[in-house]
Amino acid sequence: MINILGINFHLYGLILGAAIILALEISSRVARKKNIDPKIVERFFIWTVVFGIIGARLYHVVDFWEKYYSLYPIRVLYLWEGGLAIWGAVTGGILGLWIAWSLSKIKNKFLELTDIGVSGLPLAQAVGRLGNWVNGELYGKNGEPLFAYEGILNVILFWILWKIGHKKKPGLLTGVYLMGYGSIRMFLENLREESAIWRIGGLPTAVIISGMAILLGVYLILRKRS
């Protein structure tokens with residue numbers, strides 16, 4: 001916790017806020033590159049963020065319910081303690097964006113909007129992982145700083161997305177993000193503490209979701225433009 005002008009702020013929350021602002025700025029720039037009004041990004045961004053945070057928290061709480069939150073239910077609300085799952089954030093964010101898009105009258109395709117949304121996501125995730133460092137989270141079974149590994153790989157993924165950001169095919173950036181981040185998580189899950197891994201049918205849940213994301217990403221990349 002740090003004090004600014006007599007007001008106490010949790011450093012984790014400040015880092016999360018910085019990551020969100022960064023994602024908005026990058027998404028707005030990509031929208032301009034694609035000749036899409038940045039105001040559309042701003043209009044839908046709040047939906048994406050709110051649903052993203054809810055999804056991220058729900059995933060984490062379900063993951064650690066028996067081990068922790070069933071004993072301390074009130075701590076479900078303690079976001080400043082950490083505990084936001086990326087795949088939950090991605091799923092919730094996409095749902096929020098879809099709801100906002102469905103309720104709107106804009107002519108842009110949904111995949112055009114997801115392309116804009118994911119363009120800055122890896123860099124925002126890299127910044128967000130600093131919050132794990134601050135909270136002493138996300139170390140591997142042999143003490144590896146997994147937050148740092150993921151941060152570096154996310155920066156590389158962001159660079160790739162930025163380089164191909166000019167391409168017009170709807171869904172391409174979304175596909176590259178899903179395939180890229182899915183691969184990153186597949187790799188990192190092998191390094192995590194066994195006790196920290198949520199499993200379904202013996203398989204880590206993050207691996208299952210990552211595999212599905214990779215397949216969906218490949219489909220979006222290879223599909224013909226319609």
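From the backbone N, Cα and C atoms, a Cβ is placed for every residue, glycine too.
What TrEMBL records for 6-24 (among others) is transmembrane segment.
Marked as transmembrane segment by TrEMBL: 44-62 (among others).
Panel annotation: around the transmembrane segment (82-101), residues 12, 16, 43-44, 47-61, 63-64, 108, 110, 113-114, 117, 121, 125, 128, 131-132, 135, 137, 181, 185, 206, 209-210, 213 of the same chain, lying at least six beyond its termini, place a Cβ under 8 Å from a Cβ of the stretch. According to TrEMBL, the feature transmembrane segment maps to 82-101 (among others).
Annotation source TrEMBL lists transmembrane segment at 146-164 (among others).
TrEMBL lists 200-222 (among others) with the feature transmembrane segment.
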Problem set entry | Intrachain residues whose Cβ lies under 8 Å of the transmembrane segment (200-222), provided they are six or more past its termini | 63, 87, 111, 171-172, 174-183, 185-186, 189, 192
For this session: Could you pull out which residues elsewhere in the chain have a CB under 8 Å from any CB of the transmembrane segment (44-62), counting only those six or more residues past its ends?
Result: 20, 24, 27, 69, 76, 79, 83-97, 99-101, 104, 113, 117, 198
